[in-house]
Amino acid sequence: MKIPLTIKETQDGLIKKEFSAVQLVDAYLERIKKYNEEYNIFLTTSDEIAYSKAKKFNDLDQYTEEFFKENPLAGVVVGYKDIFLTKGIRTTAGSKVLESYIPPYSATSVSRIENAGAIPIGKLNCDAWAHGSSGENSDFGPTKNPWNKEYVPGGSSSGSGAALAANMSLITTGTDTCGSIRLPANYCFSVAIKPTYGAVSRYGVIAMASSLDTVGPIGRTVEDVETVFNVIKGEDGYDGTVVNSKFEIRNSKLRVGIPKEFFTEGIDPEVEKTITLGIEVLKKEGIEFKEVALPSTKYAIDVYYVIQPAEVSSNLGRFDGIRYGNGRDSFGDEAKRRIMLGTYVLSAGYYDAYYLKAMKVRSKIISEVDKVFDEVDALIAPVAPTPPFKLGDKVSDPLTMYLTDVYAATANLCGIPSLALPSGFSKQGLPLGFQLMGSRFSEPALFELGKLYHKAIDYVPKVAF
Ligand code: GLN
């Protein structure tokens, strides 16, 4: 069977009885079996759980529009980044430390996705502990980009982007501490929302840097990502930072800022061009653009690489092998590097010079960004400075690798949402796109802009093969 590429196509197919939920699971698992060895996208598949769920939903007579209103994700096959706890399904965080860990409960986002009817198909490869930008830091081997397997799919949610490009899942989940939802989406021709900090519960998601971590969906259309976001958002009583805030579009006429600091020398000409074209398209649709200045954002990546290791050094302390896991000997080089850096910036002699200073600059960046949102509703920017790069190109040079996140850090430091949108392909046939950041809890405005843009360019979801 031909696998449908969106939630709507899937649900229309079920209503028209073109296929059953069990046939859908068959089709996805067949592709995973056929291609996974080559691309290293799934670390675990949950065949039994997928089939038992699909069987529950296999009576085709139940499928009506009404049914899908109550079960918005019925029939939707989902893969989770392997950092989301899934009851009874192995969860490794991409690390040998948790190689055989089976969680006794599921993350809030996982339970909500499944309560809405989704069918869990398995767990997706990622950089160990979500440390990375390319997917090459996984202890289970690098994920390859389905658009060209010599290239990285983006990290750290590498399998979450690649599974969509390889048509192995309809939607996936990721975490974004500094770009890890947006980058794989961008490098794999998918749509993703990095939500406002405090919009989606982090309960049951293995912590990386707690003041920056966010949980969000990746899919092939803005509509699909919005549907999943609406399912997972909101208070659960287990994450004190989540509030049931009002999500809103503040203005009927949307204005977008072009922050000049995000278009500096390091940017690849094809990345810049796709954004320039995007601006023209949106202008024709009546969106107003203006140049804005965010001078302190040039420090965002430096600030991130002080705060993030500091929080990591504390969060990874619990993996001592006493209650669960294999203990510290199994930590990889990148995790060790971050624990050492973090311990150093927090040590008595260096706390003021590094951690405290970084926190002050973070506050400055937040106040600049907050102010700019008095003038505009969104900011347009690249997700990364270049299109996907070759596997192995940056692994031996952590500093160059860290610079991949130079445009991602601002949204995490400020806790603001950002929507990553695919726009086209480079001359080499690799995915291109950009991000739209908004003020806190302005996700609906970003979705509206994303839909407007995709409609204007006649965007159609695509898979690599
Ligand atoms: N690439 C960044 C890092 O390595 C961010 C990863 C993430 O967002 N999880 O820290």
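Just so you know, glycine gets a Cβ as well, placed from its N, Cα and C.
According to DSSP, Lys81 (active site, charge relay system) is assigned to a strand segment. A C-beta separation below 8 Å, combined with a sequence spacing of at least six in one chain, links Lys81 (active site, charge relay system) to Lys123, Leu124, Cys126, Ala130, Ser157, Gly159, Ser160, Thr172, Thr173, Gly174, Thr175. Here TrEMBL flags Lys81 (among others) as active site, charge relay system.
DSSP gives Ser156 (active site, charge relay system) a coil state; it is part of no helix or strand. Around Ser156 (active site, charge relay system), the same-chain residues at least 6 positions away in sequence with a Cβ under 8 Å from its Cβ are Gly94, Cys126, Asp127, Ala130, His131, Gly132, Ser133, Gly135, Asn137, Thr175, Ser180, Pro184. Feature annotation from TrEMBL assigns active site, charge relay system to Ser156 (among others).
DSSP classifies Ser180 (active site, acyl-ester intermediate) as coil under the three-state reduction. Over all protein chains present, the Cβ of Ser180 (active site, acyl-ester intermediate) has 36 other Cβ atoms lying within 10 Å. Here TrEMBL flags Ser180 as active site, acyl-ester intermediate.
Positions annotated as domain 'Amidase' by TrEMBL: 24-446.
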